[in-house]
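Right, one structure below, let's go through it.
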Amino acid sequence: MSSGFPPEVLSPLLNLVQGLSSPDNTVRNDAEKSLSSDWISQRADLLLNGLAILAYQSEDPAVRSFCLVLCRRISFRTLPGDSELEVFSSISNESKQSLQSQLLACFVKESVPTVRNKLCDTIAEIARSIYDCQGEWPELINVIFNAVNSPDESFRESVFRTITSLPRLLSGQDSAVTPLFTTGLADPSIRVRISAARAYSAVILESKQSTRDQVIPLLPSLMNILPPLQQDRDSDNLADCLMAITEIAEVFPKLFKPIFESVIAFGLGIIKDKELDNSARQAALELLVCFSEGAPAMCRKSSDYTDQLVLQCLLLMTDVAGDPEDEAEELQEWLNTDDLDQDESDANHVVAEQAMDRLSRKLGGKTILPPSFTWLPRLIPSQKWSERHAALMAISSIAEGAEKLMKKELSRVLDMVLPLLADPHPRVRWAACNAVGQMSTDFAPDMQVKYPSRILEALVPVLESPESRVQAHAAAAMVNFSEEADNKVLEPYLDDILQRLLTLLQSPKRYVQEQAVTTIATVADAAAKKFEKYFDAIMPLLFNVLQQADGKEFRTLRGKTMECATLIALAVGKQRFLPVSQELIQILGNIQMGITDSDDPQASYLISAWGRICRVLGSDFVPFLSSVMPPLLVAATSKPDFTIIDDEVDESKYSEQDGWEFIPVHGQQVGIRTSTLEDKCTATEMLVCYAAELKADFDPYVNEVLTSVVLPGLKFFFHDGVRSACCKCIPQLLNARILASNRDPAKVNELWEPILRKLLDHIQNEPSVEMLADYFECFYQSLEISGLNLSPSSMEALVAAVDLQLKGFISRVQQREEEAKNGDIDIEEDEDMILAVENDQNLLNEINKTFSVVLKIHKTAFCPFWERLLPYMDGFLSGNDTVAKQWALCMMDDLIEFTGPDSWNYKDHFLPYLAEGIQSSEPEIRQAASYGIGVAAQHGGELYAEICSSALPALFKMLELPDARDEEQIYATENICVAICKICRFCSQRVQDLDKVVTYWINTLPVTHDEDDAPYAYTFLAELMEQNHVAVASQMPTIITILAETFASGVLRGRTLTRLMEASKVYLARFPADQVNSVIATLSVDNQRALSAHF
């Protein structure tokens, strides 16, 4: 075996191996140095071959195993001083062939299963490297196919283990694949059958289609492995096999279509089988749930899938109580624990909750609600606390996916949930808090607007529960409710809420204190100025926590307290905060100077806290920048923490609580520390805050932030939040430079030119639709702020990028339509599809805004470039996709608005669609078309006057629709109202019976939602009142009602509001006071207050 290998090498090599495995740190460190400097650098070929020989010759299985692991690890290390070249690639071809031969000899000889496993892993990785370099290893193929017939089951198992690691081994062996797996899946040894199942899954997932086609017919044989495992109660192997099948189902769910009903029946049988371990039952649940994500239509068509799976999920969710004899002890343990983050992810009830959430989000409310609400009304009043708990957690789980339909029945759902906030069992009350919190997020703002009293009157008393965990969860639910609540909703309850939260702040449980502080912060944020009365009582308590709560265990509490104090400062405003601001700044400065540990959570809280203080103090914060910016820049420029470990290595030092997440790659675990990514994102967001708030005062930092943080951050692909924050930072940095330099062209261009190059590159090449929208938003905001002209080459690059992205949009739309046609997806129910459509719509909106700004700056000079996109606009306008048609109409609207009469040159492309669009059944199309008619009247000149005036009958007709003022229609309705206003103002000579038309128009008011268009309507109304036009003179009660609703809505501000108020005073003064007052008396109290506040 070792023929030709220098024997004098083996002895020192064996010593090296023994040194590397020594428990003595000194011995091991010396061996590692020798490995790198003496062996890898000088004798890599002898090292790898020697390890293989020792793996063959040694009588000690532990030595053989370790040599094989070393051989694999070292082969794929990079050489010292060369970051590209791996050790295996660096050795000669002769040495490679020798190593291959030695490994195959080991394969034939090795008899210990655990060592064989290490050997297979090493062989697979060496083979992968050979194949990646277009090499071949025919001897391995021969050994593999010979070993499948070995009488030794460990040899047969090794065949499939090797194939699992490297399915490419079977490339070009199509004729032999079917017999190989037919034999393996029917092997008498369960170990071999399980190994064959894993290999089958890998081949399906990673092989070419020709190889895949050979094994697909064997899918029933794969499934046939399962029943004997269930019969034998072999839970571990059953779970392994189910996981291998799940991997196939996740990618190719439709392969199971011919046997889907059988798969459902078997999977449900496993879930029901309480004699099996939870691992097997959960694996079966995972298999069935994954079909909802990959083939929702197939699941909807099954008669049993949803009904039976929901029932089994609910039954698993009742598995929260444990054994009756242990129930009291387990409850006490649950109540007493201080570790609220303890991992329950493998508990049946948690797995089932997650399954319900996934089913709801993928199948939608129409499918998931009927079976759910068949059982929930029976579980809610159950005598068993575990069933009441399951019902509440089920409501929490399905709320997001079934949001639209559940909102319609929200009152009835609250009837089920709210009484259980007073349940005698603490875990039920905890679950009720959980449901209220989840619903407050998923059903916002309906929960806060329609049912605030019912919710708060039930939730606030739970803050006084005797159990700390229930108190904390009630406070957490209050956070969710308050985040979406108006301060008017909270005001009547603030005394009760804060009195209880301040009591919780004195709790002996630190997690209760932390939650109380967080909730106070959120309530303050929502209450805004209404929180002022509590400022003097609460701030000293928070300062005391920051100064007195010492020790590592209090770091998170202090961090949350920083958050609370600075959110309160934001809520009450600068003048109220100013007297205590220096004290808080001093406290935070001391904390910052005391941070020495890299994992101290206070550091990330400080980053945000300084940002909030900056927002409150504005330019008064500038003196503190020199202290705040250095650690902020360190965090914003930080690199991600990576590690690569082998499967055998203990992962405990890379815990999830420390922010580590791992994915398996080629037999190794690749980890990234996500907590550092979040800190980097927060730091970048704070730079946006500083630049936006301090403006010119931030200019000394602009260059450094741009070059070291923002431009590199645009391609920080590990975290989209970082890239998004960088996009938001660019316009603010430009604005800071513009203000500081008094628009000095040289200084502004110094910043703008590298930004422009980067942005044009990203909007052309970025694959993420969501990020593309951010890049376009950054582009047009930067242009708008700077007012800089684009060069012809930049205009060309912009249009070329948009051309490419529109092609991508069309492709995605076509794919969704094809999938919907085939029944693969339900675009209205599938949450992922809804999000994909929203992302595309958002992207088109941002592209439209980009062109709007470019047209506004360049006018007709941009038209030759804009014209390149006419084929897309023509296609979208004549097509049926609402999103695309709306985008094309908006593009035409901007053309009319910013090029005026010159837009007439393109009239044939859009005029028919404007006329057609104002009568569309789709509100988005009506809104875009009516806006176009309005801007044509305002900016198009005489060429458009006749067309605009002739549109009036159709416009008025659409305002008469019974649902014209419904939530989904209101913006279209208000755009039509404003379009009529513009026609009357700018095309009055073409309008027949103008006074009559204006009188009708008055009755289409008010405009209370569209803040962009409202000024046009109310400027016209003010003119009419100033002129005492007949249309207003004869409609005093109507005018008063319009004014009251307008003022109450807050839709107007600035000069338009001032002018309307002055015109209203003059107008109403023309009428007897008693007549005016009698009309006002008929208004609602809120509208009366709004009128009073504006006169």
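Including glycine, each Cβ sits where the backbone N, Cα and C put it.
Annotated features, as they stand in Swiss-Prot:
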- 7-40: repeat 'HEAT 1' (REPEAT)
- 174-206: repeat 'HEAT 5' (REPEAT)
- 215-251: repeat 'HEAT 6' (REPEAT)
- 303-363: repeat 'HEAT 8' (REPEAT)
- 365-399: repeat 'HEAT 9' (REPEAT)
- 403-443: repeat 'HEAT 10' (REPEAT)
- 619-694: repeat 'HEAT 15' (REPEAT)
- 747-786: repeat 'HEAT 17' (REPEAT)
- 907-939: repeat 'HEAT 20' (REPEAT)
- 947-987: repeat 'HEAT 21' (REPEAT)
- 995-1026: repeat 'HEAT 22' (REPEAT)
- 1045-1073: repeat 'HEAT 23' (REPEAT)
Under an 8 Å Cβ to Cβ limit, what residues of the same chain, 6 or more beyond the ends of the repeat 'HEAT 10' (403-443), are close to it?
-> 320, 331, 334-335, 365-366, 369, 376-377, 380, 385, 388-389, 391-393, 395-396, 450-451, 454-455, 458-459, 461-462, 465, 467, 469-470, 473-474, 476-477, 479-481, 483-484
Cβ under 8 Å to the repeat 'HEAT 5' (174-206), counting only same-chain residues 6 or more beyond its ends: which ones?
-> 145, 148, 153-154, 156-157, 159-161, 163-165, 167-168, 212, 214-218, 221-222, 224-225, 228-229, 234, 237, 240-241, 244-245, 247-248, 251-252, 255
In the same chain, who gets a Cβ under 8 Å from the repeat 'HEAT 9' (365-399) while lying at least 6 residues past its ends?
-> 299-300, 306-307, 310-311, 313-314, 317-321, 349, 353-354, 356-357, 359, 405-406, 413, 416-417, 420, 423, 425, 427-428, 431-432, 434-435, 437-439, 442-443, 829
Grouping DSSP H, G, I as helix and E, B as strand, the residues of the repeat 'HEAT 17' (747-786) number 37 helix, 0 strand, 3 coil
Tertiary contacts of the repeat 'HEAT 23' (1045-1073), defined by C-beta under 8 angstroms and 6+ residue spacing from its ends, are 1005-1011, 1014-1015, 1018-1019, 1021-1023, 1025-1026, 1028, 1032-1033, 1036, 1039, 1086-1087, 1089-1091, 1093-1095
Segment-level pLDDT (mean, integer) for the repeat 'HEAT 9' (365-399) | 97
On the DSSP side of things, how many residues of the repeat 'HEAT 5' (174-206) fall into helix, strand and coil, could you say?
-> 29 helix, 0 strand, 4 coil
